[in-house]
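Colleague: Got a structure for you, written out below as structure tokens; questions coming shortly.
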Amino acid sequence: MRFFQKTKCTLKCLLWVPAALCALYFTCSSMNIFIGFLPMEKCTLEKGKLPTLDNSVDVSLDFWSRTDVQTCTTWKAPIIWEGMFDPKIYDQNHKKEGSSVALTVFAVGRYLDEYLETFLNSSEHHFMVGLPVSYYVFTDMPEKVPHIDLGPQRTLKVIKVQRHSRWQDISMMRMKVISDVIESDIRHHSTHVFCFDVDQVFTGRFGSEALGDSVALLHAYYYHLPKSYYTYDRNPKSKAYMETGDFYYHAAVFGGSWKSVKSLAEACYQNIMEDKQNNVEALWHDESHLNKYLWLHKPSRVLSPEYCWDTQIGYRSDIQVTRLLWAPKQYDKLRTP
């Protein structure tokens with residue numbers, strides 16, 4: 001009799017385990033802690049074998065210095081993490097090769113007042129320091145762009161753009177604007193382009209190790225999750241439709257050579273316009289189209305979430321340094337007409 005009572009008690013306890021796990025998973029802070037323990041895939045590159053070289057200096061990358069994370073893709077492109085590269089070697093190489101970078105950022109409506117000055121000032125301290133950098137600020141209010149004390153070989157150009165009534169349209173139409181300015185201006189004097197959301201703050205080195213022909217960023221909220229959790233667009237009517245992919249990329253940061261970024265921006269814009277003609281809007285707007293493009297055209301370089309981190313996620317042992325942080329989001333305030 002006592003045996004059956006113990007068995008019954010044990011079974012009751014076991015029945016509570018799934019419920020407890022569900023409660024842990026769906027509580028936001030607890031869920032993020034749980035996700036952090038999910039293992040990433042590992043780089044399958046054998047020691048002594050070279051990756052797909054994006055730059056000649058990539059031969060200096062140490063893919064086995066970080067055994068806790070995935071350091072290369074299945075197509076042998078590097079995934080850049082702290083500890084894999086020597087900053088001095090990369091900076092010397094890119095200075096020798098004459099690399100120069102155009103940075104594009106959109107500050108439309110209330111986003112200009114809330115974020116632009118902090119973004120630009122922090123960029124001056126951390127973004128591609130030592131290389132020529134040209135800022136391109138797109139805004140509907142050029143007269144309100146703050147004065148920024150720029151360092152040597154750094155310039156800033158303000159370009160007026162139309163303000164759309166919906167923030168989704170602002171997000172999606174930036175692809176055409178980026179493509180146009182690359183064609184008319186950037187390609188004549190910059191070797192690389194990086195495109196950023198304005199509601200971010202540079203907090204650490206975001207340097208020449210990030211430069212490549214086609215550069216994508218692992219989304220901070222998805223890099224530990226199984227692919228079944230990636231929020232690709234699942235609508236077959238959309239040009240952004242995906243059944244599966246390689247990673248989930250964050251559209252807050254993307255870049256590459258001016259040719260590659262122009263091709264990406266043009267393709268995304270064309271697909272966005274085709275969706276519009278069919279009364280379809282991708283789930284995550286330009287980010288959905290960017291993920292589709294980068295699945296079909298594999299990036300030659302992937303940046304780890306160090307390059308765009310959200311402190312709301314909490315502690316992660318694999319994030320040894322943060323280079324760019326999400327600024328506090330105030331969507332209710334900033335996205336109202």
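Yeah, the Cβs are placed from backbone N, Cα and C, and that goes for glycine too.
Unlike curated entries, TrEMBL annotations are predicted automatically.
OK, TrEMBL features for this one:
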type	residues	note
BINDING	Phe106, Ala107, Val108, Tyr111, Asp197, Val198, Asp199	UDP-N-acetyl-alpha-D-galactosamine binding site
BINDING	Asp197, Asp199	Mn(2+) binding site
ACT_SITE	Glu287	active site, nucleophile
Colleague: Output, ordered by sequence, the same-chain residues six or more apart from the residue listed as 'active site, nucleophile' with a CB under 8 Å from its CB, or 'none'.
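Modeller: In sequence order, the residues whose Cβ lies under 8 Å from that of the residue listed as 'active site, nucleophile' (at least 6 apart) are Tyr249, His250, Ala251.
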Colleague: If I restrict to non-local contacts, at least six residues apart, and a C-beta distance under 8 angstroms, what lies near Ala107 (UDP-N-acetyl-alpha-D-galactosamine binding site) in its own chain?
Modeller: Tyr115, Leu116, Phe119, Val137, Phe138, Thr139, Val145, Val198
Colleague: Per 10 Å Cβ neighbour count, which of the binding-site residues Phe106, Tyr111 ranks highest?
Modeller: Phe106
Colleague: Can you list the residues of the same chain, besides Phe106, Ala107, Val108, Tyr111, Asp197, Val198, Asp199, whose Cβ falls within 8 Å of the UDP-N-acetyl-alpha-D-galactosamine site's Cβ centroid?
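Modeller: The surrounding set, listed in chain order, is Val105, Leu112, Tyr115, Leu116, Phe119.
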Colleague: Under 8 Å between C-beta atoms and at least six apart in sequence, can you list the same-chain neighbours of Asp197 (UDP-N-acetyl-alpha-D-galactosamine binding site), or say none if there are none?
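Modeller: Set apart from Asp197 (UDP-N-acetyl-alpha-D-galactosamine binding site) by at least 6 residues yet with Cβ under 8 Å, we have Val105, Phe106, Ala251, Ala252, Val253.
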Colleague: Using a Cβ-Cβ cut-off under 8 angstroms and a sequence gap of six or more, which residues of the chain neighbour Asp199 (UDP-N-acetyl-alpha-D-galactosamine binding site)?
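Modeller: Set apart from Asp199 (UDP-N-acetyl-alpha-D-galactosamine binding site) by at least 6 residues yet with Cβ under 8 Å, we have Tyr111, Glu114, Tyr115, Phe119, Trp326, Ala327, Lys329.
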Colleague: Looking at UDP-N-acetyl-alpha-D-galactosamine and its recorded binding residues Phe106, Ala107, Val108, Tyr111, Asp197, Val198, Asp199, figure out the farthest C-alpha pair and report it in angstrom, whole number.
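Modeller: Across Phe106, Ala107, Val108, Tyr111, Asp197, Val198, Asp199, the two farthest Cα atoms sit 11 Å apart.
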